[in-house]
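Here the structure is laid out as structure tokens; the discussion comes afterwards.
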Amino acid sequence: MQKYTSEARQLLALAIPVILAQVAQTAMGFVDTVMAGGYSATDMAAVAIGTSIWLPAILFGHGLLLALTPVIAQLNGSGRRERIAHQVRQGFWLAGFVSVLVMIVLWNAGYIIRSMHNIDPALADKAVGYLRALLWGAPGYLFFQVARNQCEGLAKTKPGMVMGFLGLLVNIPVNYIFIYGHFGMPELGGIGCGVATAAVYWVMFIAMLSYIKHARSMRDIRNEKGFGKPDSVVMKRLIQLGLPIALALFFEVTLFAVVALLVSPLGIVDVAGHQIALNFSSLMFVLPMSLAAAVTIRVGYRLGQGSTLDAQTAARTGLGVGICMAVVTAIFTVTLRKHIALLYNDNPEVVALAAQLMLLAAVYQISDSIQVIGSGILRGYKDTRSIFFITFTAYWVLGLPSGYILALTDLVVDRMGPAGFWMGFIIGLTSAAVLMMLRMRYLQRQPSAIILQRAAR
């Protein structure tokens, strides 16, 4: 019991800064929306449309680079710290290549935006302008993620938290300058949010790089030999590990976007109620997602040390802590769901629907916690391909079709509307949780030599 208590303390010490960093990131998006809305409703809508395209594109790159964390954690655990700098250099090369692809996609996103049904031309132009300003921040964001993954792989999650809040503090005044045109800058409205956010990502990257350069604990792994050439072998391995994570993230983000599109014809009340419940459940998701990042670090580190039993302890402890958190947040959601809905909107019909959907959200929080922490465990074991197959099957083969059938058809029961899609979420997330646990159990039953051989690749 003592080993689990000790492991839980170490997991929480890693997870809490990640949670706070995510809060800062969410707050940046909130600030952009509010400040653009203060300029005009059209600018706020433009930022929202632009963000809906930016997120899938940049999260694909973000997911690809998540491969660095378990790689660095295992090198650190095995005492092969001299190899970390080379992995990080290749991470920067990979981030650079992916940045170019992301920038090309975002530059041409106008074709997608202008093809949207009945979109106002002025709104479309502002959304395109916002994305074309924001895309210059894509390299800064992805380079920052490489540096952050280096720190987190070395079990240092506080720097990412500090840089997150630094970014938030810089974002507010820079937004003000470019939205309203102060200090000789042009008045750009919502497009100014894109300029500000792009600048903030570069500030965060430079600040993180400065921290790494001066941190005594990383003195032995600093890059002292220049930037070096791309290493096709290392980059291929990072892509093999990272691509399934990137695709899983992409399919998860697009799933919720597709559901939002399917709900939109059902009416204003249904759309508003769905959006409130989804926004709140996304906030609750920060907790298990951050814990999953910590579990990846701990499992990877223990495997690097050559201890499959300690890796199992880290995995089980992460699941236990995650389930406890999910029970608490589920009780909180059920108890206060109407009060929470009232914080967003005071329309009685919207509040009633949002409260009903939040009840369903409370049901799936435990499954959601298990599946995301399970994903973190599998990342620690470098078993990322299974994450993609499980996520795709659970969300797109089971969750979305069943949600569609329940929400919009009479095949099983009378049409349930938005609640049907949320039942689909429950089916999809529960399926993912079960499959993740089965895969984890299968891996942990392998002989130690095979587990460690996979981890060392």
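In case you wondered, yes, glycine gets a Cβ from its N, Cα and C as well.
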Inset, instruction - Please verify against Swiss-Prot: do PHE92 and GLY417 share a side of the membrane? - result: no
Inset, instruction - State the non-local partners of the topological domain 'Extracellular' (335-349) in its own chain: residues 6+ outside its ends, Cβ under 8 Å from one of its Cβ atoms. - result: 269, 272-273, 276-277, 279-280, 355, 358-359, 362
Inset, instruction - For the topological domain 'Extracellular' (114-126), find every same-chain residue at least 6 residues outside the stretch whose CB is under 8 Å from a CB in it, and list them. - result: 42-43, 45-46, 49, 189-191
Legend entry - DSSP residue counts for the topological domain 'Extracellular' (181-187), split into helix, strand and coil: 0 helix, 0 strand, 7 coil
Legend entry - Candidates 53-73, 160-180, 243-263, 418-438; stretch with most C-beta pairs under 8 Å toward the transmembrane segment (93-113): 53-73
Inset, instruction - Could you check if the transmembrane segment (53-73) is in contact with the transmembrane segment (243-263), meaning 3+ Cβ pairs under 8 Å among residue pairs at least 6 apart in sequence? - result: yes
Legend entry - Segment proximity, the transmembrane segment (11-31) to the transmembrane segment (350-370), 3 or more C-beta pairs under 8 Å: no
Legend entry - Interface present between the transmembrane segment (314-334) and the transmembrane segment (11-31) (three or more C-beta pairs under 8 A): yes
Inset, instruction - With a Cβ cut-off under 8 Å, give me the same-chain residues at least six positions beyond the ends of the transmembrane segment (127-147) that come close to it. - result: 45-47, 49-50, 53-54, 57-58, 61-62, 65, 68, 88, 91-92, 94-96, 98-99, 102-103, 106-107, 109-110, 113-114, 163, 188, 190-195, 197-205, 208-209, 212
